[in-house]
Amino acid sequence: MTKTLKSAQDFKNLGITSPEITQNIDTVSTKYAVAMTTELADCVKNPSSDDPVLRQFLPLIDELTTLPEEREDPIGDWPNTPVEGIVHRHKDRVLLKIVSICPVYCRFCFRREMVGPDKDNMLRPEQLDAAIDYIANHPEIWEVILTGGDPMMLSPRRARELTQRLEAIPHVKIIRWHTRMPVAKPDIVTAEYAQAIKSSTKSVFVALHANHANEFSNAAKQACANLIDAGIPMVSQSVLLKGVNDNLDALSDLMRTFVENRIRPYYLHHPDFAPGTSHFRVSVEEGQKLVQGLRNTLSGLCTPTYVVDIPGGVSKAIATPSDAREIDGQLSLRGQDGQWRAYPPSEK
Ligand SMILES: *Cc1c(COP(=O)(O)O)cnc(C)c1O
Ligand code: SF4
């Protein structure tokens, strides 16, 4: 296969036999952008909606069901947008959304109403100027988080230009790229691309969005190595998704795969209330059980922070169950054996 999968026919060619699924693909794609790269299609082991990779990109009719609690702007980008392309919710860091296209379209995307090839693809030059001016005029901005869309849709030349413009702002110290490109289109993330985004004056981090260990083809591993070998540290970002990774084995494999590839697990996101995503949602209680399970069984390097975005643009909330709580007015600590013990201990 050579081209990105977009139509019902493309998904049929992958071997999906269920007519209920294939006949709805084109209907769903009139509402939401559809794309799966051949590189990720090659990671599919079982061509059905149960496959943990395919399920992330295969349009299902469930997407046309929107629940009352679901909203177009689930994490509140809009109320925190002072100029086009900037989300300034936390004092010392901003999101800079330059492109609204992605190499793949995740069915559970929290910005699904804002991304896709039919949206305004890119900030216009004068909008980008205004966004950069906003950053330059706010000395409290210490970190710029490039997101979108997928910022690695920028050509190496444009990625370099952007890096240079941010390098020119003295108070910006950190440039963080949030991307799916190393797994979605690993061939883009070459050693040259790493050089394009690297900086000698700022710390550059790349946060990789991946949700299942099967996404890590050899080429994907090499793409990550290209970044890390260039001196760019990587962290991970995953979404807890029903039918994809909502079990301890899948999550453990995923976290270990990150660490084996020198990527430090950072966030496990609870899925947001994006429209038409209820078939991916698990409860926060289930999520908490799973992260407690990770903590009890895996290396500390393999444990992400479990976060839920409070709807409306407030902030993230950490939902990782705490090992410290007050019991009868006394601080108690939970051991990995599940027992709570007073701290300090009342007797030796
Ligand atoms: C998640 C998020 C950030 C980054 O938060 P960190 O906890 O620093 O990773 C920044 N701005 C907005 C609007 C966010 O949603
Ligand atoms: S790569 Fe990110 S922004 Fe793009 S569709 Fe997936 S979740 Fe949404």
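A Cβ is built for glycine as well, from the same backbone N, Cα and C atoms used for every other residue.
Automated prediction, rather than curation, is the source of TrEMBL annotations.
According to TrEMBL, the protein has these features:
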| type | residues | note |
| --- | --- | --- |
| DOMAIN | 88-301 | domain 'Radical SAM core' |
| BINDING | C102, C106, C109 | [4Fe-4S] cluster binding site |
| MOD_RES | K316 | N6-(pyridoxal phosphate)lysine |
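TrEMBL feature annotations superimposed on the structure.
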{"residue": "C102", "record": "[4Fe-4S] cluster binding site", "DSSP (3 states)": "coil"}
{"residue": "C109", "record": "[4Fe-4S] cluster binding site", "DSSP (3 states)": "coil"}
{"residue": "K316", "record": "N6-(pyridoxal phosphate)lysine", "DSSP (3 states)": "strand"}
For the binding-site residues listed here, C102, C109, which shows the highest count of neighbouring CB atoms within 10 A? C102
For C106 ([4Fe-4S] cluster binding site), just count the other CB atoms lying within 10 A of its CB, please. 24
Cβ within 8 Å of the mean position of the Cβ atoms of C102, C106, C109: remaining residues of the chain near [4Fe-4S] cluster: A33, V104, Y105, R107, F108, R111, R112, V115, R180
Check the Cα-Cα distances from the residue listed as 'N6-(pyridoxal phosphate)lysine' to the binding-site residues C102, C106, C109 and tell me which is shortest. C109
In all the protein chains shown, the tally of other Cβ atoms within 10 Å of the Cβ of K316 (N6-(pyridoxal phosphate)lysine) is 16
Restricting to the domain 'Radical SAM core' (88-301), what is the model's mean pLDDT? 97
